[in-house]
C-alpha cells in the first residue's frame with residue numbers, strides 16, 4: 001500500500017470532487033484495503049473512452065491495493081436511470097441486460113485486473129426484496145428531495161411526466177451502497193445526486209458513510225458535447241486500432257491536453273513536459289501520436305499501436321499535401337459544411353454535404369463520415385476535399 005499522501009494525489013488527479021476528503025483520510029489511516037464501489041447499468045454493450053475515465057481511476061485504486069467491487073445493475077437497468085434524461089427511459093428486458101453485461105465486463109477487463117475484481121449484481125438483493133421492504137425503502141426520502149435533482153425539476157416545471165419508478169431509482173442505487181457496505185463510490189459528475197443518496201441511506205442504517213469521488217464527463221471528438229454514441233462523437237475501445245488512431249489524430253491540438261489529463265497514465269510531470277515541448281516548437285501531431293499509441297496499446301497491443309501508426313503515416317503521406325497549403329483562421333465554432341465553405345474548399349454547404357456523403361472529405365488524412373460534426377475553438381487540422389483541395393483550418 002502507498003502512503004496516504006501518495007494515495008490522495010492519485011485519487012484527486014483529474015477528479016472533479018472528493019466528498020468528504022477528511023473522511024477519506026480517516027478511512028485511509030486504518031491502513032486496510034477499502035471497498036471501492038462502481039456501478040453501471042448495462043444499457044448498451046459497448047464501452048467508449050468516456051466510460052474509461054472512471055474505470056481508469058478504479059484501476060489506479062486497484063493498483064494501490066484496494067478492493068474493486070464492480071456492480072452490474074441488472075435490476076436497475078430494467079428500471080432505467082433517469083439521470084440527464086428529458087423523458088422516461090424505456091426499460092430493457094432481462095435478456096438484453098444479461099447480454100450487454102457479458103460483453104461489458106469482458107471489455108472492462110481490458111483495464112481492470114480480472115483476478116482482483118469482484119463482480120456483483122444488484123439483482124442478488126433486490127430480486128429477493130418484498131413489496132413491503134421496497135415501500136419501506138421508498139419512505140427513506142421525499143418527493144421534495146427528489147425534485148432537487150435538476151433533471152426532475154426541469155421536467156416537472158415543463159409539465160413533462162415523471163414516473164414513480166424514476167423517483168425510486170436514486171434510492172435503489174443508494175441502497176446498493178448499503179448492501180455492499182461501500183467505503184468509496186465513484187461515478188461521473190452527473191451521478192452526484194445518486195451517490196449522495198447512498199451516503200444518506202448508509203447513515204440511516206448505522207454504517208460509516210461512503211466517500212464520493214466524481215469524475216468529469218469526457219467531451220467527444222467535437223470537443224463540445226459529452227462523448228456518446230447518440231452524438232456520434234465517440235471512440236469505442238473495441239474499434240479497430242486504425243480507427244482509434246485516426247480519431248485521436250482528429251481532435252484539436254488544444255483539446256488534446258484534456259484527453260491526456262483524463263485518459264493517459266503518464267505522470268502529471270511528464271504531461272507538463274510535453275506541454276513545454278509544444279510551447280518550444282514541437283509539433284503537436286507528434287504528441288497526439290504518443291497518446292494514440294498509448295491508448296491502442298492498452299486496449300489492443302503494442303504491435304497494433306505501431307502498425308496503426310505506420311498505417312497513418314503512409315496514408316497521410318499519400319495525400320501529397322502541398323507545401324504552400326492555404327491557412328484559414330476563423331474565430332467561431334462551425335458545423336463541418338459551413339467550415340468547408342468558409343475555407344473556400346466548397347462553393348456551398350450542399351456541396352459540402354454531398355462530398356461528405358461521397359467520402360471525399362478528409363481530416364488529417366482520415367475520411368470524414370459525420371456531416372453533423374461541429375468544430376470548436378482550438379481546431380488545427382488539415383482538411384482535404386477531393387484529390388487537390390487542401391486547407392489548414394485554425395479556429396481561435
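Using N, Cα and C of the backbone, Cβ positions are placed for all residues, glycine too.
Ranges compared are 42-51, 52-61, 62-71, and Swiss-Prot records motif ''HIGH' region' for 42-51. Of the listed segments 211-215, 216-220, 221-225, 226-230, Swiss-Prot assigns motif ''KMSKS' region' to 226-230.
Tertiary neighbourhood of the motif ''HIGH' region' (42-51): same-chain residues 72-74, 77, 80-81, 92, 97, 99-101, 103-104, 107-108, 217-218, 220, 226-229, 234-238, 259, 263, 295, selected by CB-CB distance under 8 Å and a gap of 6+ residues from either end.
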